[in-house]
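Student: Before anything else, here's the structure in question.
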Amino acid sequence: MPLNVSFASRNYDLDYDSVQPYFYCDEEENFYQQQQQSELQPPAPSEDIWKKFELLPTPPLSPSRRSGLCSPSYVAVASFSPRGDDDGGGGSFSTADQLEMVTELLGGDMVNQSFICDPDDETFIKNIIIQDCMWSGFSAAAKLVSEKLASYQAARKDSGSPSPARGHSGCSTSSLYLQDLSAAASECIDPSVVFPYPLNDGSSPKPCASPDSTAFSPSSDSLLSSTESSPRASPEPLALHEETPPTTSSDSEEDQEDEEEIDVVSVEKRQPPTKRSESGSPSAGGHSKPPHSPLVLKRCHVSTHQHNYAAPPSTRKDYPAAKRAKLDSGRVLKQISNNRKCASPRSSDTEENDKRRTHNVLERQRRNELKRSFFALRDQIPELENNEKAPKVVILKKATAYILSVQAEEQKLISEKDLLRKRREQLKHKLEQLRNSCA
């Protein structure tokens, strides 16, 4: 009985070891934070049990679009065919072992395509994008390719190069599986439907490796060394250049009109001549990219000495202090509005905001001027001269009455003046008569 228990526990340990890479074993979660913070009680024995049931989230893999000699199944059979001394004297692995080997290599579809076919192939690029577009960028794909290539190269060095006869026999034994895989690959969606715009126009598809060549040809060795040495150099042919729209004739005319009044400082953003020559090379399909127009940043310098249309034309008069302050404020306000119009983009929203702001400033200034005029009128009325809280209606009524009384007094004084003038004329005439009589 104890032997059976120990055997069962040993089997459980082996099962756990076989699926251990799919569990989280790096980080420990705090299920009992209070106990761990107090550190008075040891952790419960059931804390680490639930971690055995946490599986790693794996992204879905797209099926291979390559068929024939470039398919991963051909790589699985041709590159990793077993030797006679590995399976205990048999000539080859069993059908289950071959299926497991093909399935394992299908997971690294991107790796198999990378060292069997040329990376400049358009189908290879689109296949990588379909597999990797919703998880990470091309740098992550290049890193994954370099890591898996290194592991497969080490495995091939340990196992040795297979003989072509055994590879051919392995290919014939697994023909049923290859037919199923090629049928699944033919049902895959064409990447050109999903990505209508080709990523590198200058790259032309190259043929795959011939069946007579070995799994690792010189081109694949050079690809492996270049991938391991410079992982950042791989995304360069896939770089998408940001294009700016070309300048039209209307834009150039507007720029010429603006140059008459403002100072334009242009900053051009140009690409290096090497990249432009590479991008300007003729493509295989005959498509050419539009020329990159320079990005121009403009900065306006508005002159402060502008013509004020509200000012008098030629004659210079001495205005009172209130009138002079009003004219100066009008000039400043006009300059501020001109600066805002030049600095802000020409859109309807900004123009409406500027008009509203200008109207508010002018209205506030008009009210202040009206208030000051009322205060000046109040100071001229004797009855309201010392009344600072007099309302505007009272000021207007008292001012009207005071004006009428002043006008009546003016008429009275004018009549008195006329009477005095007549009296003076009479006295002058009488004095003239007396002088004549005395003489």
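Positions of Cβ are set from backbone N, Cα and C atoms, glycine also.
Quick caveat, the model's predicted, so the values are computed rather than measured.
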Student: Out of 17-38, 39-60, 413-434, let me know the one Swiss-Prot marks region 'Leucine-zipper'.
Tutor: 413-434
Student: Of the ranges 100-108, 145-153, 190-198, which one does Swiss-Prot flag as motif '9aaTAD'?
Tutor: 100-108
Student: Which of these ranges is annotated motif 'UBR5-degron' in Swiss-Prot: 155-164, 165-174, 355-364?
Tutor: 355-364
Student: Per DSSP, S151 (phosphoserine) is which: helix, strand or coil?
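Tutor: Helix, per DSSP.
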Student: At 10 angstroms around each C-beta, which of the modified residues S151, S348 has the fewest other C-beta atoms nearby?
Tutor: S348
Student: Let me check the 10 A CB neighbour count of S347 (phosphoserine). How many other CB atoms are there?
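Tutor: Other Cβ atoms within 10 Å of S347 (phosphoserine): 9.
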Student: Please report the Cα separation of S347 (phosphoserine) and S151 (phosphoserine) in Å, rounded to an integer.
Tutor: 60
